[in-house]
Amino acid sequence: MSLLTTVLLLWGFTLGPGNALWLDSGSEPELRAEPQSLLEPWANLTLVCAVDLPTKVFELIMNGWFLSQVRLETPVLSYRFSLGAITSNNSGVYRCRCGVEPPVDIQLPALSKWTMLSNALEVTGKEPLPPPSAHADPVSWITPGGLPVYIMCRVAMRGVTYLLRKEGVDGTQKPDVQHKGTAGFLIYKPGNYSCSYLTHAGGKPSEPSAIVTIKMSATQLPPSLCLMGSYLTIYPQKTHETLACKAPRNAAEFQLRQGERVLNIQGFSPTRDATIYYVNLKELDNQSPFTCRYRMHKYMHVWSEDSKPVELMWSDEKLPAPVLTAEPSSHNLEPGSTVQLRCTAHKAGLRFGLQRQGKPDLVVVQMLNSSGTEAVFELHNISTIDSGNYSCIYMEQAPPFSGSASSEPLELRINGPAPKPRLEALWKGKVPLGHEAIFQCHGHVPRVSMELVREGFKTPFWMASTTSTSAFLKLSFVGPQHTGNYSCRYTALSPFTFESGISDPVEVVVEGS
């Protein structure tokens with residue numbers, strides 16, 4: 001795996017629906033509408049499914065149901081599906097997908113023979129025309145005297161005229177940039193914006209897009225600083241730690257700091273909005289937390305806010321191992337209770353770390369500085385997912401920062417069933433045909449993989465890894481066949497192996513089912 005791929009995975013990723021979980025086909029296809037005449041866009045309409053890599057197989061799907069499939073003699077980059085005049089019989093939400101052919105003669109699993117679904121394209125056959133999509137790029141905030149941002153508007157129909165409106169202001173704004181089906185509007189002032197489009201000068205504007213809110217921020221918002229690998233591991237031969245700083249937009253310069261002191265460490269930038277630092281642990285002269293910040297092109301006199309701090313810990317294992325004890329006893333603990341893990345050393349003024357055994361790594365899950373000879377770590381509202389082997393370690397708070405070996409492991413056993421997450425439906429009533437049904441799964445611990453499961457089915461319908469305690473899950477293209485009861489669950493990301501219970505179900509009812 002490349003370093004850039006590792007960074008992108010570290011900052012969060014989302015897997016597609018169940019029929020594409022094992023696919024790595026590049027990019028999803030594009031579906032666009034090509035009317036015979038923009039004066040009467042619904043009189044004779046053709047849908048074009050275009051893909052980056054040539055293929056022989058194209059499939060058109062309407063309202064979540066398969067509609068048409070073509071198999072060609074030779075691979076092409078696009079295929080045209082003629083709908084003709086739009087009536088109640090062929091109006092709806094369309095998507096397409098394309099067949100994937102491996103570069104060598106291998107047998108793919110059936111579900112891996114397709115690309116992801118294309119963008120959704122709404123065909124109504126009436127006016128006003130369906131709304132475009134809109135979003136802020138690269139961020140949804142501006143600073144006084146700072147760089148503007150764009151509002152990007154898109155509709156899957158070429159040749160239209162885009163208009164932007166600001167709430168409370170008469171008149172419209174024309175695009176500053178436009179390419180294929182997307183238009184960009186430069187935004188210098190905060191406010192609520194929406195865009196629409198015209199197919200011809202005498203036509204009616206389309207339905208407006210969803211509101212895009214641009215806020216004013218006093219300073220550039222902070223970047224995120226994270227440890228490569230998600231968890232901190234300690235072993236005596238370790239000499240370097242890797243930190244990644246990511247800004248919310250492209251930056252001219254980054255700084256890695258301890259307190260107010262800028263560290264003289266040259267970073268490597270895989271992208272314009274990120275820098276990776278290799279920190280030599282042997283060259284550090286203090287244990288202060290690390291932060292990072294950035295500044296923008298043309299605004300080099302203004303630094304962003306600092307990131308949240310990241311603490312490091314390391315050990316040469318030259319000092320005696322501490323002793324770890326549990327209060328109450330580590331066996332037969334009750335769910336929902338609190339357990340105290342006491343780490344005791346032979347000297348005072350140390351930094352202590354609580355470690356948990358993964359597979360195969362022993363990782364640091366908490367750190368505490370102590371002026372005495374011990375530190376007390378607390379695990380609150382414990383459940384079966386906290387069961388496992390724990391140990392502790394310490395290091396001196398002054399150079400040369402010698403440290404101990406890990407204590408003898410202590411096993412925690414928590415009784416009871418695994419905790420259940422909570423699944424929340426982010427819509428009301430019935431789900432319209434061809435639209436998305438978006439859920440939020442609320443768990444108990446960060447760094448997990450969450451799954452959307454349906455009653456009676458073994459394969460998840462959606463998966464998402466998250467560094468927080470919740471994640472968005474969805475049915476991306478709802479048809480009548482999606483009516484049913486859905487739940488969520490989560491499993492630990494490596495190196496841990498716990499699994500939650502199943503949430504209470506949420507019923508999905510689809511219009512027309």
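Any Cβ shown, glycine's included, is placed from N, Cα and C.
Pulled from Swiss-Prot:
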SIGNAL    1-20  signal peptide
CARBOHYD  Asn44  N-linked glycosylation site
CARBOHYD  Asn89  N-linked glycosylation site
DOMAIN    127-219  domain 'Ig-like V-type 2'
CARBOHYD  Asn192  N-linked glycosylation site
DOMAIN    313-415  domain 'Ig-like V-type 4'
CARBOHYD  Asn369  N-linked glycosylation site
CARBOHYD  Asn381  N-linked glycosylation site
CARBOHYD  Asn389  N-linked glycosylation site
CARBOHYD  Asn485  N-linked glycosylation site
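Locations of recorded Swiss-Prot features on the structure.
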residue : record                      : DSSP (3 states)
Asn44   : N-linked glycosylation site : coil
Asn89   : N-linked glycosylation site : coil
Asn192  : N-linked glycosylation site : strand
Asn369  : N-linked glycosylation site : strand
Asn381  : N-linked glycosylation site : coil
Asn389  : N-linked glycosylation site : strand
Asn485  : N-linked glycosylation site : strand
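Using CA atoms as reference points, the glycosylation sites Asn369, Asn381, Asn389 were checked against Asn44 (N-linked glycosylation site), and the closest is Asn381. If you measure from the Cα atom of Asn389 (N-linked glycosylation site) to that of Asn192 (N-linked glycosylation site), you get 52 Å. Put simply, of the glycosylation sites Asn89, Asn192, Asn369, the one whose Cα is nearest the Cα of Asn485 (N-linked glycosylation site) is Asn89. Residue density at Asn192 (N-linked glycosylation site): 12 other Cβ atoms are found within 10 A of its Cβ, drawing on all protein chains shown. Each of the glycosylation sites Asn89, Asn369 was scored by the number of other CB atoms within 10 Å of its CB, and the largest score is that of Asn369. Mapped onto DSSP classes, the domain 'Ig-like V-type 2' (127-219) shows 0 helix, 43 strand, 50 coil.
Cβ neighbours of Asn381 (N-linked glycosylation site) (same chain, under 8 Å, six or more residues apart in sequence): Gly336, Ser337, Thr338, His444.
Each residue contributes its Cα atom, and for Asn369 (N-linked glycosylation site) and Asn192 (N-linked glycosylation site) these two points are 47 Å apart.
Taken through DSSP, the domain 'Ig-like V-type 4' (313-415) splits into 3 helix, 51 strand, 49 coil.
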